[in-house]
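Engineer: First the structure, which I've put down as structure tokens, then a few questions once you've had a look.
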């Protein structure tokens, strides 16, 4: 038998862990399809009159017909007072909807710092079980939101679900990486991202009007994640604890061997134990680096700034604007069935995520990132052009739609998965936990800013909104070209040398020994 044998226990365990990543994706996408249904319910709960009497009657009998996305009061009444109330009502509903979307990112932003800590404190399995409590509470709040003040319950539920996803975004990759055989670690590690985009796609499908995305069942759509939380919690009791956690953190060699034998199918695990012993010795000899030291220590400052810029580029590229608001974007583009176009985006997202698994090992990280960003720049321009000329040329709606599909494809080729790869490759064992924590925090923070502001920016800029994103993408493309080194197949020493070279080109030459390789221990 070979070390990289895929056993039933390994498949079961990775599948169970990836259910958490699936939930992450589901929560990202679930709020998109039923947007107009939920907004019309907010209007009803807040006592804001609907567009016409027929719409009110439809709502009262729980009709599944679509209602207007944006609230308007009767156009026939034009007194200044009513116009002022109309504006205030529209602003209130827009704010509540933006919070319903972005509160998820607030939770993730807060919890992203604590995933690794919780995993070390409780163990990987118990940490995922505790995280599922948050998922269950969030799902129940949203599931019962139709019975109470829906806007408060949905915003609260989304925040708590965000806390869960913030924890999971650290716990799941860590656990899968620790239980996977060395030869399968890369392939199994990408399943986290694949499960996320699968979750997005499934949320879009079940959010269709005739399934759950209607006035009768939208609350079930939001609360459905409770079922996944219960199933995963039950399955986790049958999953082995991470052998690396047992050996390196707890020094429980006997339990670690037992866990390894379950995962490897009973073969000799001496080689795995020896690898972990070496890893433990290396970890104990290397100094831990705090987040503050990443910015004050000259060896880490430039790599962490580049790492953060990659994550900012990923989020400010406009991709989450498309994920969160794609239905309304397609509606603006004149697509008669915008929800189906949104599902098409989800399907392309999943296909190109799977494709990137192979591409990222064939081509360089930097090359793929540049190709992806350049493609997104061109697509963003075509998106805006299509939306601007829509009134004059009806076929421009197809230009906008194709541009959105290609935008997502280019994102998943490069800027989607690569920042996470590169941050891990910039740093060795000592500074890596702090670097990953601050990178995750910056990622979630930018996610929140985009989710909160996109609707306002879109309302202000109208069809020109993606010109703004095109400018941002161009700026980050140039930054990547001049500042980001290639990391594929390079040691920490070689990557550090690349940073030294780029820094010396940008400023006056300094001492050649100013920056040691990133894996070195440096007392600050």
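Just so it is clear, glycine is given a Cβ too, placed from its N, Cα and C backbone atoms.
Curation does not apply to TrEMBL; its annotations are automatic.
Pasting the feature list from TrEMBL:
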- 13-488: domain 'Major facilitator superfamily (MFS) profile' (DOMAIN)
- 95-115: transmembrane segment (TRANSMEM)
- 127-145: transmembrane segment (TRANSMEM)
- 151-176: transmembrane segment (TRANSMEM)
- 188-212: transmembrane segment (TRANSMEM)
- 218-239: transmembrane segment (TRANSMEM)
- 304-327: transmembrane segment (TRANSMEM)
- 339-360: transmembrane segment (TRANSMEM)
- 367-389: transmembrane segment (TRANSMEM)
- 395-413: transmembrane segment (TRANSMEM)
- 434-458: transmembrane segment (TRANSMEM)
- 464-482: transmembrane segment (TRANSMEM)
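Tell me about the setting of these features in this model.
Structural biologist: Cβ atoms under 8 Å from those of the transmembrane segment (95-115) belong to residues 27-28, 31, 35, 38-39, 42, 127, 151, 154-156, 158-171, 174, 324, 437, 440-441, 443-445, 447-448, 451-453, 455-456 of the same chain, restricted to positions at least 6 beyond its ends.
With a cut-off of 8 Å between Cβ atoms, the residues of this chain six or more beyond the transmembrane segment (188-212) that come close are 14, 18-19, 21-30, 32-34, 64, 66, 172-173, 176-177, 180, 218, 220-221, 224, 323, 339, 342-343, 346-347, 349-350, 353-354, 356-357, 412, 416-417.
Proximity of distant same-chain residues to the transmembrane segment (218-239), defined by a Cβ-Cβ separation under 8 Å and at least 6 residues beyond the stretch ends, is recorded for 12-13, 16-17, 19-20, 22-23, 26-27, 30-31, 34, 37-38, 41, 125, 128-129, 132, 135-136, 138-140, 142-146, 150, 154, 157, 161, 206-207, 212.
Within its own chain, the transmembrane segment (304-327) is flanked in space by residues 28-29, 31-33, 35-36, 101, 200, 294-295, 338-339, 341-342, 345, 369, 373, 376, 380, 404, 407-408, 411, 415-416, 418-419, 422-423, 426, 435, 438-439, 442-443, 446-447, 449-451, 454-455, 458, 465-466, 469, 472-473, 476, 479-480, 483-484, 499, which lie at least six positions past its ends and keep a Cβ under 8 Å from the stretch.
Away from its own ends, the transmembrane segment (339-360) comes close to residues 29, 32-33, 187, 190, 193-194, 197-198, 200-201, 204-205, 207-209, 213, 322-323, 326-327, 330, 368, 401, 404-405, 408-409, 412-414, 416-418, 421 of its chain (Cβ-Cβ under 8 Å, at least six residues beyond either end).
Within its own chain, the transmembrane segment (367-389) is flanked in space by residues 310, 313, 317-319, 332-333, 356, 359-360, 396-404, 406-407, 409-416, 418, 422, 462-467, 469-470, 473-474, 476-477, 480-481, 484, 486, which lie at least six positions past its ends and keep a Cβ under 8 Å from the stretch.
Cβ atoms under 8 Å from those of the transmembrane segment (434-458) belong to residues 94, 97-99, 101-102, 104-106, 108-109, 112-113, 115-116, 166, 169-170, 288-291, 293-294, 300, 303-304, 307-308, 311-312, 314-316, 318, 320-321, 324-325, 419-420, 423-424, 426-427, 465, 468 of the same chain, restricted to positions at least 6 beyond its ends.
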Engineer: Apart from its near flanks, which chain residues at least 6 from the ends of the transmembrane segment (127-145) lie with a Cβ under 8 angstroms of it?
Structural biologist: 17, 20, 23, 115, 118-119, 121, 153-154, 156-164, 167-168, 171-172, 175, 219-220, 222-226, 228-230, 232-233, 236
Engineer: So what's the average pLDDT for the domain 'Major facilitator superfamily (MFS) profile' (13-488)?
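Structural biologist: Result for the domain 'Major facilitator superfamily (MFS) profile' (13-488): average pLDDT 83.
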